[in-house]
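What Swiss-Prot annotates here:
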{"type": "ACT_SITE", "residues": "313", "note": "active site, proton acceptor"}
{"type": "COMPBIAS", "residues": "11-24", "note": "compositional bias 'Basic and acidic residues'"}
{"type": "COMPBIAS", "residues": "31-55", "note": "compositional bias 'Polar residues'"}
{"type": "DOMAIN", "residues": "163-478", "note": "domain 'Protein kinase'"}
{"type": "MOD_RES", "residues": "46", "note": "phosphoserine"}
{"type": "MOD_RES", "residues": "50", "note": "phosphoserine"}
{"type": "MOD_RES", "residues": "187", "note": "phosphoserine"}
{"type": "MOD_RES", "residues": "350", "note": "phosphothreonine"}
{"type": "MOD_RES", "residues": "520", "note": "phosphoserine"}
{"type": "REGION", "residues": "1-55", "note": "region 'Disordered'"}
{"type": "REGION", "residues": "99-127", "note": "region 'Disordered'"}
{"type": "REGION", "residues": "493-506", "note": "region 'Calmodulin-binding'"}
{"type": "REGION", "residues": "541-564", "note": "region 'Disordered'"}
């Protein structure tokens, strides 16, 4: 059993400390649908827009040449796993719908469209206009991207059609993720016009066949009807294609290719990276920035639920974002629990645009998603720590599971650490089953009653009493902004709290982020607090023969990655650092670990789904 040691100072030992982090900005992290990433140069993969419910760019979900998917999805109709319950299946009707989704006309939304939100002041609109202008000016930086030279020759390039692999940006247990650009000779004008760069997840068939063969050996003598790895890949592709069509808060599905040796899943490339990394960098989010992120997540979930699809693995690692220009605060607002020497400035927040460098936010990773329609589903999945009580207790559950996940993400953004934590997995799952969390002092002392109420409604133990997606979107707290002048308050007072920077285009690389921050001991421990527990839980389910359905393949992979090359428990314990809820920073703790020469930190487990 993997363990994470914890020390707690004067506070309940319920929560992992992710407050008071040293804030070194990091370089262009890029991620596609969940993966470990290497530094890549900042690029623009899609037009950047202000975020609004109505005036939002509708990213194209399907390229014009749909012949790659046609034969595969036709075949999928007859290859859906027979062992799944009716709720597991993607019906013939739905698969046909997937293949016929038209490409979205990106010209329907103009480049300079501004927010029509009545909550936004004239000053905010003016600033929003300036930011959009800056973004448009910067877009020319990518004009010569097709001339980029790959950093090396990749074996995966040989069978890939229409794209040029530039560099590897991530790697999972059975896949690699590449940044790529459309080939110069591509006949697909829609693709080359609307996507300067893409992310391609490459899955090697031989690796999947090997892991499925191992499972068959384990299940020998049992009535096993596990679907083939190919079926599982096609299911994930079909669901991703379905849910991303027409929703700008979901990472766009672009293309899919199958060759003799590989599966290629081509999808939108977001240059900001994971929201998880921003929580680590900023320690926590202001209520305004938390609203900005969580509302976009809620809109993505609303779209999925309207299609009868439940995500089942909502967490900060599965939220990606497009960066915006950072505007420094003249007098950063600090909480009493903050250390002014280490708390990073979140900067000015602009309603409808964002803040802290975070603009448009999108939901990724559909490896555990399931189409349930109006029926309940009973396949335990997700990440322990963000998993709803009814899932932990192996009860029937439906779309309210995603609302629990939204609540955990909101809690984490507001204070910097998750609502449920314990060094022992069995204790953690018991806490989740009982809904045992607290608004821990002093971190929650200055968070508004409205925010606490929203979290409480989302983390309601009884699913029937828990917010549904429409109730959450109507919550009063979600539909206000602290940065806007209150009634009778001068707008000049608010405008004077920050100063805007107008950097040269080449300085529009935002924060020059330091990727090492994401591999610091505290960040690793935060991920492992959820991912390791989830992997252990799924291992137990696998022994009982209860796993299956759409998420099976993803579960195999995450389990493999979480153990980081099958290190022994003893070695893992030596590499882990001690969590503490004091004011020490991530980098200070990391320095102590290095000075003690306890060995390298555990690599962050890959969250990409294969």
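Every residue, even glycine, has its Cβ placed from backbone N, Cα and C.
In three-state terms derived from DSSP, residue 187 (phosphoserine) belongs to neither a helical nor a strand segment and is classed as coil. If you take the Cα of residue 187 (phosphoserine) and the Cα of residue 313 (active site, proton acceptor), they are about 37 angstrom apart, rounded to a whole number. A distance of 29 Å separates the Cα atom of residue 313 (active site, proton acceptor) from that of residue 350 (phosphothreonine).
Ranking the modified residues 187, 350 by other CB atoms within 10 A of the CB puts 187 at the bottom. Under the three-state DSSP scheme, the residue listed as 'active site, proton acceptor' falls in the coil class. Along the domain 'Protein kinase' (163-478), the predicted structure has mean pLDDT 85. Using a 10 Å Cβ-Cβ cutoff, residue 313 (active site, proton acceptor) registers 28 neighbours.
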